[in-house]
Every structure is written in structure tokens, then in C-alpha cells.
């Protein structure tokens, strides 16, 4: 005798397992989670034998796919290197941003020479390894920048050795830099989370196509937030408003022009090369885009590299 209380429904579009009560009352559809089965195995008795077998098969397949992707992630050849280069670029930018340089009569920070490379690394990580990996690296980078700022402050306030006579010079240089460091850290946090979020959302919308459109649209928004935040936090009440607006506009359009220029000769070729080497092209179909999560929860359905559309995706 069939004593099942629920009917199984499969949502193939969103890759979810759903179930609906069969009691004839209000038929509210609920999502069946893996933990719900493992923590309460008797719950499976509420389904027919056929549905129970199907649930077990689906969850086993999903876990196997997740295991396969986890193993492939552990074999990534370039992720650690790119992450180190990304963090190094940000630390360099933090220091170099304290010097103002003149280019054709316009004032920009010294970080302008290296900072644009950080966006290239961000696009590589987000496009190939996914938003979840990018988020973990961004959080790690933020931690590194905060630690850097704290260490600078601690060294400033520690008493100097009696025979070391450069305390005033040290304070003059690094005390003035501390505000710039903090401004740079805050601007980085906001702009790069925006960049990765917009880039991956556009990738979902365009089903992995239109790399240039994703780069350009995310760049327009993230760069203005980065430049404006940094200038306001670092130079407010120090510079007149006219100079601040000039700095923001010149820096913004210089960065945008630079990124567009290097797209064809650096960004796109690097992404194509690393994709083929890693055999990875992650789309965050069901990712929680909260900026404060640490977990990486991908399965094989997120990696579209091996799909029939892969050649078109890589070369788009």
C-alpha cells in the first residue's frame, strides 16, 4: 500500500528538487535539501519507492559532480600565482598612491602605473574560477591591506631607538600616507566586489558570451566608485573641490582608456590561454552573491568549459 505523503517535482531550470503534499490541503511546494535527508533519513518514507529512488540517484549524482569539481579545483595550475600577483599589485598600489605625479599637466597617483593590472587579474579569476573564488581572494586581499595599515600605524607609534635620528622624517612620510592607505583599502573593497558581482551577473545573463561587454560594463561602474571614493576619503578638506573633480575625471578616463587598450593584447589572450590550460569556465548559476561568505560550493554544472558551446564561449 502506498503511504507516500509527498509528490516529487524536479525543477530542471534551476537544478532543484521540489516536493508537494498529497493531503489535498494547501499544496505548498518546498525545496528538498540534502541535509534534510541525511539528518532525518525517515523523511524518505514520506515518498513513494520510485520517488525515493530518484531522490537518492539525484543527490548521489550531485555530490559526485561536486567532488569532481573540488578535485579539479585542487589541480588548478595558475590560481595561486594569479592570487599572489593580485594581492601584490594591491599592496604596491597602496604605497604608490601616496605620491602624486604629473602626466601632461594632469595630476594622478603613482599607483596609476600598476593599479589597472589588478582589474585584469580580477577578470581572470572571476571569469575562469568563478565569483566564489574571486570573493575568497578579495576577502584575503582586504585582510592583507588591513594588516598592512595596522602594521604601519604600530611602527609609527613605537618609540625609536635612541641613536636612530629619523623618527620625524619617518612620521612625516608614513603618517601622511596612513589616510591614503585607509582610503585605498575602502575604495578597493567596494569597487572590486562591484566589479566581480557585475561581471558574473552579466556572464549569467549572456550565458558566458560577450567577454568585452562584461569587462567594459563592469569597468565603467567599478572604476568610478573606486576613483571617487578614494579621492573623497584621501583628499577631502585637503584639496579644493575643483582639483578633486579634475583628479576624479582624469584618473577615471585614464583607467578606462588603459583597460580598453590592453584588452585585446593582454586581457582576452590571457583569459583564453588560462581557460584552455585549466579547462575551467565557471558560471555562478546558483551562487549566493553575499560579499562575506567564504565557502566555495561549485559542482560540474557550473563549469561550462566542456559543453558543446565551449569553443564559442572561449572565443567570444
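Note: Cβ is positioned from N, Cα and C throughout, glycine not excepted.
On a predicted model such as this, the values are computed, not experimentally measured, just so you know.
Among residues of the same chain six or more beyond the transmembrane segment (78-97), those with a C-beta under 8 A of the stretch's C-beta atoms are 109-111, 113-115, 117-118, 121-122, 124-125, 129, 133, 137, 140-141, 144-145, 148, 177, 180-181, 184-185, 188, 230, 234, 274, 277-278. Look at TrEMBL and you will find 78-97 (among others) tagged as transmembrane segment.
Marked as transmembrane segment by TrEMBL: 103-125 (among others). The list of residues near the transmembrane segment (103-125) in space but at least 6 beyond its ends in sequence, with Cβ under 8 angstroms from a Cβ of it, reads 79, 82-83, 85-86, 89-90, 92-94, 96-97, 133-134, 137, 184, 192, 195-196, 199, 215, 219, 222-223, 243, 246-247, 250-251, 254-255, 258-259, 262, 266-267, 270-271, 274.
Residues or ranges marked as transmembrane segment by TrEMBL: 137-158 (among others).
Beyond its flanks by at least six residues, the transmembrane segment (178-199) meets 90, 93-94, 97-98, 111, 118-119, 122-123, 125-127, 131, 134-135, 138, 141-142, 145-146, 148-149, 152-153, 156, 214-215, 217-219, 221-223, 225-227, 229-230, 232-234, 289, 291 of its own chain at Cβ-Cβ distances under 8 Å. Taken from TrEMBL, the feature transmembrane segment covers 178-199 (among others).
Per TrEMBL, transmembrane segment is recorded for 219-239 (among others).
Positions annotated as transmembrane segment by TrEMBL: 245-266 (among others). Long-range Cβ contacts of the transmembrane segment (245-266) within its own chain (Cβ-Cβ under 8 Å, at least 6 residues beyond either end) map to 103, 106-109, 112, 115-116, 119-120, 212, 215-216, 219-220, 223-224, 227-228, 231, 235, 239.
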Restricting to the same chain and to residues at least six past its boundaries, which positions have a Cβ under 8 Å from a Cβ of the transmembrane segment (219-239)?
97, 119, 179-180, 182-184, 186-188, 190-192, 194-195, 198, 247-248, 251-252, 255-256, 259
In terms of Cβ proximity under 8 Å, which residues at least six beyond the ends of the transmembrane segment (137-158) contact it?
83, 86-87, 90-91, 94, 125, 170-171, 174-175, 177-178, 181-182, 184-185, 188-189, 192-193, 196, 291-292, 294
